[in-house]
Amino acid sequence: MWNEIDQHMQHWIREAGERIRDAFQTKLKIETKSSPSDLVTNVDREIEQFFIERIRRTYPTHHVLGEEGFGDQLEALDGTVWIIDPIDGTMNFVHQQRHFAISVGVFHDGVGMLGYIYDVAFDELYYAQKGKGAFLNGTPLPPLEKTSLDRAIISLNATWVTENRRIDPHVLAPLVKKARGTRSYGSAALEMAYIASGKLDAYITLRLSPWDIAGGMVIVEEVGGVVTNLYGEPLNMIEKSSVFVSKPGLHEEILAMIKR
Ligand code: IPD
Ligand code: CA
Ligand code: CA
Ligand code: CA
């Protein structure tokens, strides 16, 4: 069953990518949601509807959780649930036309079975099937090796080391100092794909939704990476949460530094 779903999804996600690249030739309709920095476009909505139409036609018993609200209202992850972020990194999509991704996770009774992150501008598809390995455009991704903070590039948004509502900036500052380097890409999905493929070593953020991380979780775990909340606890994929993704070894080292 998962192989068959994967075959469909490999086609659908590349077709969706094509549609997004075509949209660069059109004028985007850009709106704001909860704040001036929370953007949404007609393309975010159209791509979510594109996936939902295909999923419902092919798998009428499956459920869909999507950022733009065209899916189902779900309170639990029973059965097969597609968790969809049609464009992760909408601000990058609007301002830069790169560094954004389609992110999809397919969960069964709460367990991540398939994960996809498609970097549309670079035409790079990261994907994984639970127990079958993770791939980038068909090439297997090797298992992640342990590393330490002084050799690590960690990804985090500068917000979390300034005054903010979610965390004392002094908690993460020592980590930023000790790390080899820090980066911020503005797409949680790509940041997870970069960990899975060894370009980054850890990613920390204080508030994400299930659709930001569902695809990445399956891919990262498949290569031996660790995905928890900031305090090392398992994520509840139906709620917003802090997120801490890391290579093995480094996960323990960072957790010891930020213990509450
Ligand atoms: C956002 C991106 C961003 C993260 C935000 C997310 P969106 O997703 O993943 O990197 O910092 O919290 O909301 O809204 O562009 O799909
Ligand atoms: Ca959004
Ligand atoms: Ca997102
Ligand atoms: Ca989005």
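Including glycine, each Cβ sits where the backbone N, Cα and C put it.
Keep in mind that TrEMBL annotations are predicted by a computer and have not been checked by a curator.
These come from TrEMBL:
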- GLU67, ASP85, ILE87, ASP88, ASP212: Mg(2+) binding site (BINDING)
Lowest local Cβ density among ASP85, ASP212, which the record lists as binding-site residues, within 10 Å: ASP212
Check: same-chain CB within 8 A of Mg(2+) site center, minus GLU67, ASP85, ILE87, ASP88, ASP212: ASP44, ILE84, PRO86, GLY89, THR90, ALA101, SER103, ALA188, ALA189, SER209, TRP211
Cβ-based isolation winner (fewest other Cβ atoms within 10 Å) among the binding-site residues GLU67, ASP88: GLU67
Per DSSP, three-state class assigned to ASP212 (Mg(2+) binding site): helix
Where ILE87 (Mg(2+) binding site) falls in three-state DSSP terms: strand
